[in-house]
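Lifted from TrEMBL, the feature list:
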TRANSMEM  39-60  transmembrane segment
TRANSMEM  148-169  transmembrane segment
TRANSMEM  181-197  transmembrane segment
TRANSMEM  209-235  transmembrane segment
TRANSMEM  263-284  transmembrane segment
TRANSMEM  359-376  transmembrane segment
TRANSMEM  383-401  transmembrane segment
TRANSMEM  421-437  transmembrane segment
TRANSMEM  458-476  transmembrane segment
TRANSMEM  482-504  transmembrane segment
Amino acid sequence: MPKKKPAKLSGDDIAAPLSAQVGESIDTWWWLSHKGTTISFLCISLFALLIRSAVSMFPYSGAGTPPRFGDFEAQRHWMEITTNLPAIDWYRNGTYNDLTYWGLDYPPLTAYQSYIHGIFLRMFNPESVSLLTSHGHESYLGKLLMRWTVLSSDLLIFFPAALFFVLVYHKNRTGSSKSEVAWHIAMILLNPCLILIDHGHFQYNCISLGLTMGAIAAVLCESEVLICVLFSLALSHKQMSAYFAPAFFSHLLGKCLRRKNPILSVLKLGIAVTVTFVIVWWPYLHSLDDFLMVLSRLAPFERGIYEDYVANFWCTTSILIKWKKLFTTPSLKSISLAATILASLPSMVQQIISPSNEGFLYGLLNSSLAFYLFSFQVHEKSILMPFLSATLLALKIPNHFNHLTYYALFSMFPLLCRDKLLLPYLTLSLLFAFIYHTKQKTKASSSSFTNFPGYVSLLRTHFFISLALHAVYLTIQPPQKYPFIFEALIMILCFSYFILFALYTNYTQWILSSHFRSKDKEKKQI
């Protein structure tokens, strides 16, 4: 029999398997992820700690600027107060606790954290927390010990919470590859905004955000009592954790309403919340005056609806509408509260009607954005709240997450420049861009929102304007008549992006409702 001639292979026939092989070999994260999530997490954690340590070698808020210094001095002063005075006097004005000098204005769990860290400082450097005489203390050892307290807080609370979330999230998520898990871990642990604020500027947001992330992971594994305990602790550490409260409340309420005995379910969660708050707040619950004294410190309404140039609604519109002149402070409190509730309401209603884990994650993002954009007395650092939520959704909205990271960092640019953190700002921005672009293309939730005419060109224009503003801010002196003109332009640009992003995420969350309803119909037909 004559031999069959081999079929001629076309260029496409050869290219197809070759491209498949190349695609398989291009897995950037394979070397890190092939041995499993735990090893990936440990390796990325070590690198994240190295980055944090490097940033902490730079200046901090208020370094060498008497008489009040900055956030570093505020945190040190709270350690001084808590280690030298009884708990009942921590929030009370007195001879040894002048509340006009960085008075404690966070909930009791922050005070307990300050007490523990203050004991640590007193063991190795007692003069750094000595009562009254330590104001403005900036010795090398004192600064080193203070930096270690932030690193240890990150390592003991934020890192375990990140591992808890990643394990639960990717267990429930179908089709997660090991490389995607490793990339997601990197996005969470190498959060450039959090690193710059906590380890550069100097704060302890890693504690409240870590407790919140633990509560989010508990939602995903349906441990409702643990949710209530962890989120109550987050609220008791920083009142800004209330940015997430509408999402937790609406999701849990939506779940409870679908049970045989919803009242009993709500009561059980209410007991868990109450017990947690009673334990944390116990020293201040013996009298109504003491309790109200602490509450008054947590809500500094006398400062006005805004202070610095923050990329939210009130600051941005104040260029045209002089809110502080038109309305009294009580009126502005009511207006901002109403605006925040209205902005949070669509997201809350969606979760009450159709609670789901994915919808809950979008709800966290939308409620925290609503608070950032419309609530009373917002700070630049408050962008950490919506940014954490976006980080948890990084695999679902990768392109939007990339843009949000850029504008979240840019919104804090003037603050970080004042703290002399320009080099860490630029380095972490480039590091994020590098790690972000090592991710392989994955299936992400798409939305017709990104197809709106002119949307992509608008973002491109935004980006080039922001680059120009970086250069202008660093090289040109503002006119004497308008000394904060560049800060105002940065604020306007970032606010315009945040508004677009909030519209997109609210739209996406509501699209989920129809998606899950169609799935339920398919199940019923089967």
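Glycine is no exception: its Cβ is also placed from the backbone N, Cα and C atoms.
Each of 39-60, 148-169, 263-284, 383-401, 458-476 was scored by its Cβ pairs under 8 Å to the transmembrane segment (209-235), and the highest score goes to 148-169. Packing against the transmembrane segment (148-169) from elsewhere in the chain are residues 37, 41, 45, 48-49, 52-53, 56, 113, 117, 120-121, 181, 184-185, 188-189, 194, 198-199, 202-204, 206-207, 209-211, 213-214, 216-217, 220-221, 392: each is 6 or more residues past its ends and has a CB under 8 Å from a CB in it. With pairs at least 6 apart in sequence, the transmembrane segment (458-476) and the transmembrane segment (383-401) have fewer than 3 Cβ pairs within the 8 Å limit; the two do not touch.
Panel annotation: around the transmembrane segment (263-284), residues 87-88, 91, 107-109, 112, 224-225, 227-229, 232-233, 236, 252-253, 255-256, 290-291, 293-294 of the same chain, lying at least six beyond its termini, place a Cβ under 8 Å from a Cβ of the stretch.
Spatially, the transmembrane segment (39-60) is adjacent to the transmembrane segment (421-437); three or more Cβ-Cβ distances between them are under 8 Å for residues at least 6 apart in sequence.
Counting only same-chain residues 6+ beyond the ends of the transmembrane segment (458-476), those with a CB under 8 A from a CB of the stretch are 403, 406-407, 410, 413-414, 417, 422, 486, 489-490, 493, 496-497. Beyond the ends of the transmembrane segment (421-437), by six or more residues, the same chain brings 51, 54-55, 58-59, 183, 186-187, 190, 192, 195-196, 200-201, 398, 402, 405-406, 409, 413, 474 to within a C-beta distance below 8 angstroms of the stretch.
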